[in-house]
Amino acid sequence: MMDQARSAFSNLFGGEPLSYTRFSLARQVDGDNSHVEMKLAADEEENADSNMKASVRKPKRFNGRLCFATIAVVIFFLIGFMIGYLGYCKRVEQKEECVRLAEAEEADKSENDETEYVPKSSRLFWADLKTLLSEKLNSIEFTDIIKQLSQNTYTPREAGSQKDENLAYYIENLFHDFKFSKVWRDEHYVKIQVKNSVSQNLVTINSGSNIDPVEAPEGYVAFSKAGEVTGKLVHANFGTKKDFEELNYSVNGSLVIVRAGKITFAEKVANAQSFNAIGVLIYMDRNTFPVVEADLQFFGHAHLGTGDPYTPGFPSFNHTQFPPSQSSGLPSIPVQTISRAAAEKLFKNMEGNCPPSWNIDSSCKLELSQNQNVKLTVNNVLKETRILNIFGVIKGYEEPDRYIVVGAQRDAWGPGVAKSSVGTGLLLKLAQVFSDMISKDGFRPSRSIIFASWTAGDYGAVGATEWLEGYLSSLHLKAFTYINLDKVVLGTSNFKVSASPLLYTLMGKIMQDVKHPIDGKYLYRDSNWISKIEELSLDNAAFPFLAYSGIPAVSFCFCEDEDYPYLGTKLDTYEILIQKVPQLNQMVRTAAEVAGQFIIKLTHDIELTLDYEMYNSKLLSFMKDLNQFKADIKDMGLSLQWLYSARGDYFRATSRLTTDFHNAEKTNRFVMREINDRIMKVEYHFLSPYVSPRESPFRHIFWGSGSHTLSALVENLRLRQKNITAFNETLFRNQLALATWTIQGVANALSGDIWNIDNEF
């Protein structure tokens with residue numbers, strides 16, 4: 001049977017019988033090492049008794065083996081060619097057949113999903129992208145969209161109102177028109193405070209049985225305590241803590257009148273409350289706010305925090321089933337805004353000239369006359385309302401799960417042109433520009449760009465904070481920067497910046513690239529500009545991103561030395577803004593260029609350009625402050641040695657990370673992603689892990705608020721020097737230990753893997 005099979009098989013190759021061969025690699029006697037001899041099994045059987053070696057092949061057998069070899073070579077060649085071709089097609093940029101294959105694949109996808117972009121073959125670099133961005137922005141008339149948003153169709157648009165929702169839907173439709181990767185809305189049910197539609201708020205002067213009405217204000221302060229209080233009235237300048245400490249009279253049991261400006265309404269009220277005041281009146285004085293209209297009404301809020309104060313630390317989703325609670329930042333005293341005319345009427349019944357150091361007009365007086373009291377009645381009511389945040393995303397091409405967020409407040413009490421229309425208009429135009437750059441010009445961001453329209457910003461960044469609270473556990477792992485576009489143009493003279501230290505260096509480089517539209521000089525004018533950076537305030541939507549979520553944030557504006565006087569008033573109109581800033585279009589265009597360069601730089605570069613080394617100087621400054629109290633610390637039997645060690649570990653970790661970056665293979669996306677992830681952790685790890693986000697939402701040890709902050713630690717030591725009996729040593733010991741371990745934790749996170757951490761702390 002085997003012989004028949006062999007015979008049949010051999011007939012395929014010329015009819016010659018095939019047999020197994022045996023190769024002998026034995027060294028020959030003559031020394032020739034290259035000779036290979038073959039023995040045919042059939043020949044061996046015929047010559048079993050002889051030692052004769054068969055070395056001659058028949059021609060036809062040779063042809064059969066040659067055919068085998070040729071086929072094998074061809075097959076291996078084809079396999080190698082296909083592997084090489086496919087590998088090459090993946091590595092090179094889209095060319096020739098690869099381009100056609102990729103375009104065909106993308107064309108199929110676009111039929112099913114209109115939001116997908118068709119890749120282009122061009123490759124743009126930083127210089128190309130800057131030029132492209134500038135050209136795109138030059139062709140836009142920003143004032144057109146600002147005027148459109150200022151029409152009666154969309155104003156006034158208090159949070160949750162029908163006009164606010166109308167604008168939300170308009171923005172949502174535009175995002176769809178821009179062909180974003182995805183557009184969605186975020187819905188929350190929040191409690192805000194509004195004026196009572198039946199009972200007015202009222203300020204009166206009571207003198208015995210006489211009641212003299214001062215004003216029934218149209219404006220109000222949201223989240224004020226509702227109720228009535230009566231007492232002596234005293235002036236406390238701007239209502240800062242220092243102002244209260246320097247007063248020559250007590251405010252205990254009295255109402256306080258303070259000027260608007262310098263700090264937020266909420267901080268003024270909290271300070272007054274801490275000095276046992278029973279109520280607060282806020283007005284705009286002539287020097288700080290040189291407005292013509294003495295009876296101008298204005299609006300604000302008194303929540304010392306952000307977000308919905310009735311769901312502190314957790315999101316206001318409709319299905320949330322937490323028991324009723326409220327933020328500790330809500331005031332326990334009534335607060336009301338009054339016009340300048342009402343304030344001057346009160347001053348006529350007061351005595352004592354205000355100090356010259358206050359730099360205030362002569363009408364200002366200090367204390368209400370004897371036998372007179374002021375009565376404040378606040379009838380504000382809570383209202384539950386639905387709010388909508390609108391989002392659109394351009395997904396990154398390399399790391400779509402890493403994103404920058406660009407946002408602007410949409411709502412406003414009154415017309416809100418400078419407060420929200422400028423920022424919203426800028427947001428929409430930036431979204432359109434980046435959509436065009438990707439779909440038409442070949443821009444390929446490595447990371448994603450999220451455009452966000454927030455509402456309820458007038459009540460303390462409620463929309464933005466609720467979104468952050470809803471995704472607290474994951475956002476810091478994904479979002480690496482927030483850019484705030486609120487109030488970007490309030491003047492022309494100054495360019496002011498508030499930001500995380502991680503963004504200082506990048507902002508400086510952008511300022512060296514962008515020119516002021518009026519004088520033509522670069523925005524970078526002073527090598528010491530970092531010292532002029534202002535901290536993010538509570539009423540800035542970027543604040544909760546930084547202090548609550550640990551996401552680096554930046555906010556900037558073109559403005560004057562004085563505050564813009566019409567924010568939060570019925571005169572925040574397009575006509576007045578264009579009167580104050582005739583070059584509005586150029587100023588908004590420049591603000592767009594600053595924001596646009598931020599977006600490009602942070603989504604285009606392989607390295608995440610966050611300067612983690614900037615916190616070295618912040619830590620050093622903190623250590624210098626502590627050194628003033630070395631003797632006090634020693635008296636308590638404590639040492640700063642471990643704090644020095646933690647700061648040193650942070651310095652070494654930043655140096656090691658910089659070295660790792662310089663030594664890294666920049667084309668290796670996996671290596672660069674690991675380095676970028678370490679950089680992303682820096683800001684988040686400055687949030688104290690030892691306090692609850694519900695009890696102390698702003699956990700950042702540099703920019704937050706509470707006993708866990710570094711500033712609170714220093715203040716506690718100052719208190720020891722002033723009044724040792726009021727000093728709490730146990731609290732200080734906890735503050736010192738937890739601050740040390742928080743800083744050490746940041747150093748450990750920067751170091752990378754656990755085996756790279758110096759454990760000799």
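Every residue, even glycine, has its Cβ placed from backbone N, Cα and C.
If you look up Swiss-Prot, you'll see 58-61 marked as motif 'Stop-transfer sequence'. Taken from Swiss-Prot, the feature topological domain 'Extracellular' covers 87-761. Look at Swiss-Prot and you will find N248, N252, N318, N723, N728 tagged as N-linked glycosylation site. Annotation comment: Swiss-Prot describes 570-761 as region 'Ligand-binding', evidence class similarity to another entry.
Structure coloured by features recorded in Swiss-Prot.
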| residue | record | CB count, 10 Å |
| --- | --- | --- |
| N248 | N-linked glycosylation site | 8 |
| N252 | N-linked glycosylation site | 11 |
| N723 | N-linked glycosylation site | 9 |
| N728 | N-linked glycosylation site | 13 |
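A straight line from the CA of N252 (N-linked glycosylation site) to the CA of N723 (N-linked glycosylation site) spans 21 Å. Here the CA atom of N248 (N-linked glycosylation site) lies 20 Å from the CA atom of N723 (N-linked glycosylation site).
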